[in-house]
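Here the structure comes first, spelled out in structure tokens, and everything after it is commentary.
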Amino acid sequence: MAEPVAPPLSGVKAAASTIESTAAKPDVSEKVHPPRASRPPRPNYRHIHRFPLPVNVHHVPSVIPHNPLSIISVALSYLTFLVSPPRQEILSAYFDSATSSVHVSDEKTIRALWEMGFFGKGSLSRSEPTWLEQEKKRRGLMGGSTVEEATRKRRAERRQLKLERARHEKLAVEERLRAEAAARENGASHGLLVDEAADAPAISVEKFSVKRAMEAKFLERRQQAMQNRETAQLVDSTNSLSSPFENQGPLPISTTPIQNLDDELDLDIFDNEEHLQLSNEEAFFLVYALGALRIVDRTTNVAIPTPSLLNTLRRHSYYPPRPEGGPLKVDDPFMISYAVYHHFRSLGWVVRSGVKFGTDYLLYNRGPVFSHAEFAVIIIPSYSHEFWSSTEDLKKHATEKQSRSWWWLHCVNRVQAQVKKSLVICYVDVPPPAGRPADVGADLNRYRIREFLLRRWVPNRTRD
């Protein structure tokens, strides 16, 4: 009886051998990378700054014309708000006469003012009040590096890059000078002579390279001086620590166990030493326009009424501050600046101080955490009313207040063009003095604002 013939296994054996050879052969393309340190997740700024202003907004149901029940729903909503109105939380701050600014020390109020409208500036931070978080990161209590450390590292890398570039240019200049000296010694200097038109760029490049070489030498000296200073400070600190114990014998060893060390040295707990500093325009906008802030007197702890607060801020807009009870003018610096601040805030812009770029205000579309400022505002009072030209003294006063030099405007415009911002010249028409004191709204309504956009014209870039 014939035995059954098994099917051929050559293909299976070939496949198995191929798999074994593939498994035995190391994969050169796959490299083992070291694990990367996980970065902390970026904050969700859209959710954090979802409210544009620190006010509570309650939505009313929409009215549908062909649905009569929608009218009943709206009426019930209004009745509910009238019977039991929602509670509006009013934030608190105090006026500091020494700095002529408004301070906020409550952490909850600080976060509310910054997250809802970007009001104020941290006293120990560049913009957002994050001193406590940065201090915890610096002490190692939180993961990640601080913004100041990243800035310091970036500046050091940039300085080192400039130093290396200047050093390479210095070596190139020295090599070229040696080659020219060797050529002159060999009598081949005539081969290096070129036309004057071709030699002029070379001379300028050589002068530029010599300047970079001098810069490299200066940077080397400064870096060496900094290293010597750090070494001297380290030696002095070491000597000061070791000098009291040089002439003493061995200290006795205490056998008493150390207990409650955490209670004596608790470095993890420290107070927040930062406060939020509001400008006078921001504070008055929150008090008068929004009603979301009340400013108290630091001595009596009583809220300052709005008319009294306006007079106080107007007096403190001068330096030194005007005495209390003195006459106030319609062209006070605070009235001019607040009229512009209120104007742009009412249009939906986020208004911040522009002192960093030599202007009065910066205008952000949504806020500084989303994008850079698009516009920079310069405030100029305008005395176009016929009252300011009625007498010679008023003419002289108006001329002194609104006169600006052409080179001042050129400098400011050049700075804004360098930082990719458009300059807005904001003229504020100053009204004549009122006969009798009116309310705050009537006084502000007398000011008129005119805006002009100014851009620097460069012939090589704007030919159209």
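Glycine is treated like the rest: Cβ placed from N, Cα and C.
Taking a C-beta cut-off of under 8 Å and a sequence gap of six or more, Tyr364 (active site) has these contacts in its own chain: Phe118, Trp349, Val350, Val351, Arg352, Phe370, Ser371, His372, Ala373, Glu374. Feature annotation from TrEMBL assigns active site to Tyr364 (among others).
Annotation comment: TrEMBL describes His372 (among others) as active site. The number of other Cβ atoms within 10 Å of the Cβ belonging to His372 (active site), over all protein chains shown, comes to 11.
For Lys421 (among others), the entry in TrEMBL reads active site. The number of other CB atoms found within 10 A of the CB of Lys421 (active site), across every protein chain shown, is 20.
What TrEMBL records for 147-176 is coiled coil. Looking just at the coiled coil (147-176), the mean pLDDT is 86.
According to TrEMBL, the domain 'tRNA intron endonuclease catalytic' annotation covers 334-429.
Sequence annotations record features per position, and here TrEMBL assigns region 'Disordered' to 20-45.
Helix, strand and coil counts under DSSP for the domain 'tRNA intron endonuclease catalytic' (334-429) come to 44 helix, 24 strand, 28 coil.
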